[in-house]
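Worksheet: one structure, shown below.
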Amino acid sequence: MGPEDENSDDFEVEMATLVRSSPVLMKTHNMGTCHIGSFVDFSQPLSVSRVVQRVFKSISVVIFQAKINLLLPFGPLAIILHYLTKKHLQGLVFFFSLLGIIPLAERLGYATEQLAFYTGPTVGGLLNATFGNATEMIISLYALGNGMIRVVQQSLLGSILSNMLLVLGCAFFSGGIVHYNKVQVFNKASAVVNSGLLLMAVMGLMFPAVLHFTHSEVQYGKSEVALSRFSSCIMLVAYASYLFFQLRSQHNSYNPIDEDERNAEDDSDEEEMPEITQWEAIAWLAVLTTWVSILSGYLVDAIQGASESLNLPVAFISVVLLPIVGNAAEHASAIMFAMKNKLDITLGVAIGSSTQISMFVIPFCVVVGWIMGKDMDLNFQLFETATLFITVLVVAFMLQEGTANYFKGLMLILCYLIVAASFFVHVDPATSDD
């Protein structure tokens, strides 16, 4: 008929040819779905209308696709309350900040996964190592800048305890209930390596504490800081070596068990495709990190007021409540993968995150404190160090068989309840005390 109809027919013929020539696009076409990143071609000039359309489409995918984003309005509410109220409502500011950061932490993980589609497995692993615990790191850096060293130490310790006991326990329990008629198995070799790194982290935290409490320092108050800075550098080197070892040298040794069976299972599932483009993922990482940084400032400022208004110890807030922010998304994903009988991914989420915090985030905060002129050290005090040591031992014993069931999960959850109750009645010693 008219020229517009001819152009439309030509476009349909070209698209049909493109789909038939690509197996991936053929599969996507047959499923009746079209992912955003699949047909993006930056070689063609983008008009203003196309750019605006892409922006709105990206916002729709990232913001409106996840139901957890219903919590996003609590962030601005926390900021408004901070300026409109006094100390007696700091508890609400703290609570709203917590709720506002939870979806941001989940979306940070989503944007990192989307970017990993374009960077490959090696760079993707490094991105996950960097942004996997970005929320905890940002909160810790703000607290460190305000001189709240104990909050930094206890919040990072709480993230490790929460991941190892609560997240892993709930995942094992849920997976065991769903698959109650069979034994769930995972790659024991990877779990042993992570347990070894966690024990190395315990060693790094234990010696400064022992040095302090046995009064055997060469220079009181200075030797433990110097030892902490040296140990932190060693731990960062060890973690970098671990990343290289895992991603390059021994990649084949850490494949999930029953690989053939799982590959056949994966082939039958829908092939994952990126939902946003590479530059959109980078832009969202920048936007989300900035918003997390802003909310973290208000969260840290409200900790002391929340402790007084809610009548809760700062130690309990730091060890139990703050880790909920960074671990909420990990908690949900670990349970989901355990219920799908993909325990290797569950362990990567829970134990891998604990390894990142203990071997990367904590030493990184010590080095940053060194640059800032803050005496951030690895002396987490005797109570906290003993708690971490016992937790690592309990989890290592649970993982040594390479199997999981609901009873092991229940044991880990009950252990976490004991730890939470201990910090509820724990009074943090003054910094001047021995």
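Including glycine, each Cβ sits where the backbone N, Cα and C put it.
Sequence annotations record features per position, and here TrEMBL assigns transmembrane segment to 59-81, 88-105, 125-144, 156-180, 192-214, 226-245, 281-300, 312-339, 345-370, 382-400, 406-427. Summarising the annotation, TrEMBL assigns domain 'Sodium/calcium exchanger membrane region' to 92-247, 281-423.
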For the transmembrane segment (156-180), find every same-chain residue at least 6 residues outside the stretch whose CB is under 8 Å from a CB in it, and list them.
133, 136, 140, 198, 318-320, 322-324, 326-327, 330-331, 334-335, 337-339, 341, 343, 346-347, 349-351, 353-354, 357-358, 361-362, 365, 380, 384, 387-388, 391-392, 394-395, 404-413, 415-416, 419
Surrounding residues of the transmembrane segment (382-400) on its own chain - C-beta under 8 Å, 6+ positions past either end:
153-154, 157, 160-161, 164-165, 168, 188, 191-192, 195, 198-199, 202, 205-206, 209, 213, 319, 347, 351, 408, 411-412, 415, 419, 422, 426
Per DSSP, what is the residue count of the domain 'Sodium/calcium exchanger membrane region' (281-423) in each of helix, strand and coil?
121 helix, 2 strand, 20 coil
Which stretch from 88-105, 192-214, 226-245, 281-300 shares the most C-beta pairs under 8 Å with the transmembrane segment (312-339)?
88-105
Which bits of the chain, at least 6 residues beyond where the transmembrane segment (88-105) starts or stops, bring a Cβ under 8 A of a Cβ in it?
66, 68-78, 81-82, 134-135, 288, 291-292, 295-296, 298-299, 302-306, 308-310, 317, 321-322, 324-326, 328-329
For the transmembrane segment (59-81), what are the same-chain contacts with Cβ under 8 Å, counting residues 6+ beyond its ends?
36, 89, 92-93, 96-97, 99-104, 106-107, 110-111, 275-276, 284, 291, 294-295, 298-299, 302, 329
